[in-house]
Structures are given as C-alpha cells and as structure tokens.
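Here is what TrEMBL says about this protein:
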{"type": "DOMAIN", "residues": "49-122", "note": "domain 'Reverse transcriptase Ty1/copia-type'"}
{"type": "DOMAIN", "residues": "128-219", "note": "domain 'Reverse transcriptase Ty1/copia-type'"}
Amino acid sequence: MAKNFAGSTSFLDSTHTTLPTEPITFHEAFQDADWRAAMAEEFDALLTNDTWELVPAPPSVNLIGCKWVYKVKQKADGSLERLKARLVAQGYKQQQGIDFDETFSPVVKSTTIRTVLSVALSSGCTADPSMFVCHSSSGTLVLLLYVDDIIVTSSSSSLLDALIVTLQREFAMKDLGPLHYFLGIEVHRSPSGFHLSQQKYAHQLLQRHGFLDSKPVSTHLSPTSRLSSHEGHLLEDPYTYRQIVGALQYLTFTRPDISYAVNSVSQYLHAPREPHMQAVKRILRYIRGTLTYGLPISRCDNPSLVAFADADWAGCPDTRRSTSGYCIFLGPNLISWSAKKQPTISRSSSGAEYRAVAYTLAETVWIRRLLRDLRVFLWRSISIYCDNLSTTYLAANPVLHARTKHIELDH
C-alpha cells in the first residue's frame, strides 16, 4: 500500500485548460478576488502559527521588509489545484557578517528521497506525502521534509496514522493520500514498483520556450564539438539561457541521461554565448523526443551498493580540468549520479580516474550511513567499478612516487 498526491498519469488532455495568470505585483493581485482570498488565507495561517511577535524596532538595525509571491499550484494532470500566495522576507536586503553569518537550507536531498522510496518498496512500507527516523517495537517510520512538503514512509500503518493525527492536531495540513505527486515529480505505481517522472514539468518547459513542435534529436549533446567560454558571440539577453538551464537542472531529478549535458551548459551561466544557447536548444529537442523517460524503482530483497565511476582527462578546453561522473545503484535501482568538473588539473588519466573513484566512494559511504539510519544493512561489501587499470592498481597498492604522491595528498 502506498499513499500520495491525487492526480492523473495523463496530463496532456488538460494542458489546454486556461490557468489563472500569476500576478507580479501586490497591486495586480489585489484586483482579483481569488488572489485576495489566497493572501488572506496565508496571512491567517501566519497569525495562527505565531510566526512573528510585534516589538519596538531596535535602533540602528537594518529592518527587512516583506513581499508577496504568487504561484498557481497544479495537480499532477496539469489542472488547477489552488492559488497560493506567500508572504516572504526580503532576504536579499541582508548583509553577510552584519545581519547573518551562515546560511543553511534544511531540505531533504534528492538521493535520500530515491533511497527511501527504494527501501520503502522493498520493506513493504507505506508512503504518504504529508529524514526523521523513528524506530519502535511496532515498526519503523521515516519522515522526509522539504520546506512544507512531506513524505512519510512506515512499515506500520498504525504508526503512520498516529503521526498524521498528531501533525494535524498541531498544524493546518492536508493528508493528500497515496504518494502520487511530490515537488513536481510524478510517482506512478505498478506491480513491479514505482516509476518517477517529470513528464508534466518537461512538457511545460518545452511549451514555455516554444519547443513542443520542434524536431527531436537522438542525443543531448553534439558528439563532434566541445563547448568553450571564448567561442561565439555573447548573448544580448542571457536571462532566457539562465532560466532554461535552471529548469533543466531540476529535471535531472528523474533524468540521469541529461545530467552530463546540463552540467556542461551550466558552466557558462555567467557569460553565455551563442554556441552555448545552441547546446541548450539541442537538449530541449532531445527532451521533446524522450518526454516519457523517467526513473524506475523496483523491489529488492537483498540490497547491495554497486557504483560505476569514470572521468575524462583534461576535457575542458579552457581550463584543462577533467570531469568526473558516477552512478550508484541500490540493488537494481539507480539512486545517485553526478557529472562534475574536478577542482584541480590532473597530470595523468589515472589521476583523473582516481579522483573520480574517490568522489564515488565518498558518496557511497554517505549512502551506507543513510541506510544504517533506516536499519537497512547491506549483505555484501560496496563494489566500485572503473575502466582504468592504473587506478585499480593504485587503489589496491598506493605506492607513492613522483607522479602519484600529489594524489595521495588530495585523496
């Protein structure tokens, strides 16, 4: 049994429904009765939760204002769910070192979500969008919190029901039923497991930028060219480029196949050029032909961690830095992946590969710690595969000499 957002697996029929326009300013929103009601609901909730306390303003203090942000919330099928207004602080007016020292956003990691869903499926847990872990004699309960969105999994329905009752007693919250839609991610249930996808999100991205009728391509990057920070003319308006790349970054939650391509175009956000925009358009055309792609999660009774690491060598034409990549599987399920440029220049291909293995090992050790928190224990040692023979020799017998001692210091 699983619990989730209600919605439909087919949203294409509902995309023709006209949705309300999101206002930009308070004055614009105040002209609409529905948006006024949404603002009143938000303000009442802030008062109910004792969000603030009115006090005299201290002298010589930078007072921070607030502003309204408006969002049309949609169901999984693309139809209107509700109008949401948020009253937020203008944090951009704060100065580091004066108004704050450190910042931290306590939101669940995407790898944690995929891992917990994999474990929940294998252990017969229930899942409910409504990581804190509670172990008791009745079973295990895990709560994943992303701002005001929650996923709860439990091996005991009584534990799950008790938690929901307690939360509803303390907060105004909605029980959205079986897990079906979370943070723009569609969760489809089948006899074989879960299928995570962002089909609606990708469809809206293509529609917003005029690529719904574009000709699909079979690859997300050109195999014959490499991007550079010096070739081509600077874009007159880089805003659209940054907007699309930001949306593509979120799409990689369920699309590991575009992770490397998105990493490549993300390196030029500060000064995008025409070839970079052409690369972004190619990614959109690739997505147009692969809209139904997603991430399957299957049941696994004897979980094991298996990872694959790789790196190019001096692949960046501007900095000569290498790019590392890895994929990590929990049983048959891909739960973590990365494509990232290495921070230092490698003097050899084995050095680049060794660093890639080191990054992969760090991630697998963290995942193993996460699994232990969930009381899931691996039945065999972690396996990491790479395709560089010198790297395997160096990992098994770290002999230091002039060409490898700097790697030992780094990793």
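Using N, Cα and C of the backbone, Cβ positions are placed for all residues, glycine too.
It should be emphasised that the depicted structure is a prediction, and the values quoted were computed from it without experimental measurement.
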Handout entry: Residues in the domain 'Reverse transcriptase Ty1/copia-type' (49-122) grouped by DSSP into helix, strand and remaining coil
Key = 16 helix, 21 strand, 37 coil
Problem - Mean of pLDDT values spanning the domain 'Reverse transcriptase Ty1/copia-type' (49-122) - result: 85
Problem - Residue distribution over DSSP helix, strand and coil in the domain 'Reverse transcriptase Ty1/copia-type' (128-219) - result: 24 helix, 33 strand, 35 coil
